[in-house]
Every structure is written in C-alpha cells, then in structure tokens.
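Down below is the structure, laid out as structure tokens.
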Amino acid sequence: MDNFLSLTLTGETPRVTQGKGADFRWRWLGHGLLELTPNAPVDRALILSAGIHGNETAPVEMLDKLLSALYIGSLSLTWRVLVVFGNPQALAAGKRYCNSDMNRMFGRRWQSFAESDETRRARELELSLETFFSYEQARIRWHLDLHTAIRGSHHLRFGILPQRDRPWDTDFLAWLGAAGLEALVFHQAPGGTFTHFSTEHFGALSCTLELGKALPFGQNDLAQFSVTSQALSALLSGLETSTSSSPPLRYRVVSQITRHSDNFALYMDAQTLNFTAFTKGTLLAEEGDKRVTVTHDVEYVLFPNPAVACGLRAGLMLERLP
C-alpha cells in the first residue's frame with residue numbers, strides 16, 4: 001500500500017486491500033482509512049489523523065512520508081495504528097470543507113447539520129474509531145489529530161487538548177513538548193472535535209496539533225515540520241524522544257465568542273495573530289445590546305474569525321496557566 005494518499009485523493013479502490021509490511025500487516029478499510037498491526041503483540045493503539053480540513057495538506061504529506069518509511073522497513077512499528085485522512089473530497093478539491101466544518105460534527109453532532117458528504121464522513125469516522133478501539137483492549141490509547149492554521153500565531157506550533165475529567169498523563173504532555181509544540185491549550189467544556197470524541201468515548205489521550213500555515217499540496221516545506229516528524233517516527237518505533245528544554249506554555253479556555261446574527265462585530269482584523277494578548281476591559285465584540293469584554297487581567301485570543309456563519313464560534317479567549 002504505497003499509494004494510500006493518491007487513492008484517497010482520486011477516490012479509487014485498491015486492487016489489493018490487505019498485505020504485509022516489514023514487521024506489520026496492513027488493511028485498507030475504506031477511502032482515507034488504513035490500519036497497521038505489528039506482527040508482535042502490542043498493548044498500544046494510536047490514531048493518526050490529518051486532513052479533517054481539506055486545505056491543511058502538510059500533515060497529510062508528513063504522514064504519507066512516515067507510511068513510506070514503514071513500508072520499506074526503515075521505520076519499525078510498535079503500535080496498532082489507524083491512519084485517517086479525514087475529508088478526502090475536500091482534500092481533492094483543495095478546500096477547507098465542501099459543505100460544513102466536519103470538526104464541529106463529532107459526538108453525533110452531525111445530526112444537527114444538513115445531510116452532506118461531511119456528515120456521512122463524520123459518522124463513518126466515528127464508527128471506524130469504535131471498531132478500531134473495540135478490536136483489542138489496548139492499555140494505552142492515543143489520538144494525534146494533525147492540522148495547520150489559517151492565520152499566523154505567536155506560537156508557531158501548539159496543541160489543543162479536549163475537556164477531560166481525569167488528569168492528563170505526564171508522558172503524553174512531555175511527548176507533545178518533544179514534538180515541538182510551544183503551547184498547550186486546555187478546553188474546559190465538551191465540543192464537536194474529532195479529539196474530543198476519541199477522549200470522551202474511548203478514553204484516548206488526544207490532542208489537536210496545529211503545526212504551521214495551511215498551504216496547498218506541493219507547496220509545503222516539510223523541513224519546517226521536521227521536529228514533529230522525528231517525534232512521530234520515534235513514537236511509532238517505541239524510542240525515547242528527547243524532552244524539550246523549554247516545556248510548552250499552558251493556557252486554558254475561559255470563554256467562547258459566538259456569532260448569533262448578522263449584527264455581530266468582532267474587533268479583530270485578519271492580521272490579528274493567534275495568542276494576541278488583550279487587557280482587562282478591552283471590548284472584543286458586540287452584537288446588538290451585548291458587549292463582550294476581557295474579564296481577566298490578560299486574555300489571549302485563539303482562532304478569531306469574524307466571518308463565521310451564525311451560530312458558530314468566532315474565537316476563543318484564553319488565560320495563561322502558571
């Protein structure tokens with residue numbers, strides 16, 4: 001299966017749907033779905049996903065290179081792995097999404113959207129994770145969902161961790177730092193993301209990794225992703241990764257700015273970087289009689305977007321943790 005990406009983009013079905021690599025077996029499970037199982041027994045299961053947004057191509061190309069290394073035997077495999085290229089049609093079209101943002105649909109939230117290829121795909125991915133995690137009771141379950149961002153950031157690479165009732169595993173957080181993440185953002189409430197779904201329903205240690213700028217296929221400089229790629233290679237092979245000399249800064253979400261009507265105004269422009277700081281009392285947004293202001297001494301914005309559809313998030317406000 002050395003043409004997984006090309007098959008995903010063309011929508012073709014491979015003539016052979018299962019086979020053997022150097023030290024593992026593989027199964028093609030459907031478009032953008034590939035399962036890898038080591039020959040030796042393992043108690044670790046890993047979801048590696050990319051392309052939930054079709055314009056975020058660098059992580060897809062990075063995973064494709066890792067798959068090539070596994071197939072030729074230059075990289076060993078010590079996890080059961082499900083590789084997911086999330087939104088094949090949007091990837092092929094070079095669009096963020098074709099109808100609606102799939103990363104708002106998980107946890108059966110797709111039922112609230114008009115039926116489309118993306119709602120059907122979200123349901124398919126939910127079932128795929130259920131099947132993957134029910135196959136064996138893995139002692140360790142991870143999910144790394146790889147993305148790139150539309151706008152610039154004061155932290156070039158950062159991670160977003162879903163709401164979780166239990167404390168986060170220190171080894172998992174340390175690996176995220178070793179993968180080059182400069183900041184970690186901790187959600188305090190449930191959401192419709194792929195990573196929240198895997199955490200809530202399967203107890204996975206999950207993180208959305210934002211790794212740089214969104215560019216079309218063929219325009220990515222993968223050298224910029226080398227730290228993350230090397231950390232993934234070491235993870236797959238069961239090797240230790242060197243810990244970061246400066247651990248990621250930590251933030252928590254303190255509020256969400258939501259657009260409810262056409263009267264909504266967000267007082268940030270296209271040049272506002274992720275993690276831009278605002279001081280207490282600053283007016284962030286208005287909608288009719290409602291004013292959104294900074295309530296903590298300092299808050300930092302993440303994903304500001306004044307052009308979102310009504311009912312969707314126009315930004316998150318963060319507080320830095322000690």
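Quick reminder: no glycine exception, Cβ is built from N, Cα and C everywhere.
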One of HIS31, HIS143, HIS147 listed by Swiss-Prot as binding Zn(2+) at the site of HIS53, GLU56: HIS147
Cβ-centroid neighbourhood (8 Å) of the Zn(2+) site, HIS53, GLU56, HIS147 excluded: ALA50, GLY51, ILE52, GLY54, ASN55, PRO59, ARG96, LEU146, THR148, ALA149, ALA214
